[in-house]
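The structure's right below; bear with me while I get my questions together.
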């Protein structure tokens, strides 16, 4: 899947110029901002979790998690695929204020009504009074959370991830502050849920304000727009439900068939999977407007070029993940869980390729969405979900966490192959042999460098850092990453300005 034009020719004596590309400096800058913001949010989230668990204890923390599981499960079925539809529509020319306003109103009403109904049902179906009360607070939290998630489409369309990240950072700070307040006041599980709801409200308020500066809007009750949104979004919603089934299904089967220790060991590889695979959709979302514009012009050649460049970056990212989780599998699981979790090493190695497949598939999913192939994607996801549960039920009872990791990797490979076939049928073409060769060369060099440097220094993290740098340099040298374009960026950034 090499990038068309990756081997850019350079005229002797002339500075290298970066040609017009989907991988422009704005995309790179926004992706760097996303990574930095995610790091801050993760640190704040860990701090809040430590405070919450130590204050509540196992029983009340269990009630807290129970409420969150109920509201997350209840909200999935009213997702309606609004984010993907909105992101696609924002990439088209014209005024989007009414469309965005209708989408936001539908999001607030659908999520709020569904979770309020679930909370009312909980009054009759749930025995624990703390959980019954917490359901109403949790409904407020997740309604605000899903509304702010919808606004990410606006920031991605305008390449202003800095505003989204700032909203998330302020929300994370609010979460820590409110959690400390609940601890000081001696609050329980409901108080911690209120802290979560308060932090989500802060994030939504800031994201709403900053999104409105980019795309002015107000919530709009318009049944005609709503019917269009629901009709267009349901295939995306179906895919989202199926993806959650695939992502969470292995843990469900593990819980039903394996002892708690096995479930705990497998929890570390799956947590890393969730963190790593949350990044590629952010990258793909930044490119959605370019995909949509090319698709709207029926310029399949331009879409193929844009997609090829994005796929090359995701291959570099994915192979880097595989190298890290293979060479340093035991070090990673011990770092997170301690020596007691060293048994998770094999599952960590096996699940690494699944992250790479998922990263590449993410770009293809967004490109196919731009081509309005969501129904084909839904059919693919139905097949993937069926295969996933078949493999989970077959392998997990015998091989435990390693079997679950094998099943997940196989399903991600199937999904990637299916999306590649759908892209080919849509007329998208991208070279394969050259990029596979470049990927293999960079991957082998990176693996050897990481392993040898870790042994030489006795510090695995230093081997990871230095080996990762060498891997990236080889990726640039072989053309897996756009050599001329990167040099053009660097020269534009650091070359002295001519008067």
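Don't overthink the numbers, they just go from 1 along the chain as shown.
Backbone N, Cα and C define each Cβ position, glycine as well.
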Under TrEMBL, the annotation transmembrane segment belongs to which of these stretches: 67-87, 214-234?
67-87
So what's near the transmembrane segment (136-155) in sequence-distant terms, Cβ-Cβ under 8 Å and 6+ beyond its ends?
67-68, 70-72, 75, 79, 82-83, 86-87, 90, 100, 103-104, 107-108, 111-112, 115-116, 118-119, 161, 163-164, 167, 171, 190, 193-194, 196-197, 200-201, 203-204, 207-208, 210-211, 214-215, 285
Check the transmembrane segment (99-124) against each of 67-87, 348-371, 459-481 and return whichever range has the most CB pairs under 8 Å.
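Most contacts with the transmembrane segment (99-124): 67-87.
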Taking 3+ C-beta pairs under 8 angstroms (sequence gap of 6 or more) as contact, is the transmembrane segment (459-481) in contact with the transmembrane segment (313-336)?
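Between the transmembrane segment (459-481) and the transmembrane segment (313-336), contact is present.
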Let me spell it out: take the transmembrane segment (430-453), skip the flanking residues so only those 6+ beyond its ends count, and list any with a Cβ under 8 Å from a Cβ in it.
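Residues 1-4, 6, 304, 307-308, 311-312, 315-316, 319-320, 322-324, 326-328, 462-464, 466-468, 470-471, 474-475, 478-480 contact the transmembrane segment (430-453) from elsewhere in the chain.
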Using a Cβ cut-off under 8 Å, which residues of the same chain at least 6 positions beyond either end of the transmembrane segment (192-211) come close to it?
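Hits for the transmembrane segment (192-211): 48, 52, 55-56, 64, 67-68, 134, 137-138, 140-142, 144-145, 147-148, 151-152, 154-155, 160, 163-164, 166-168, 170-172, 174-175, 178-179, 181-182, 217.
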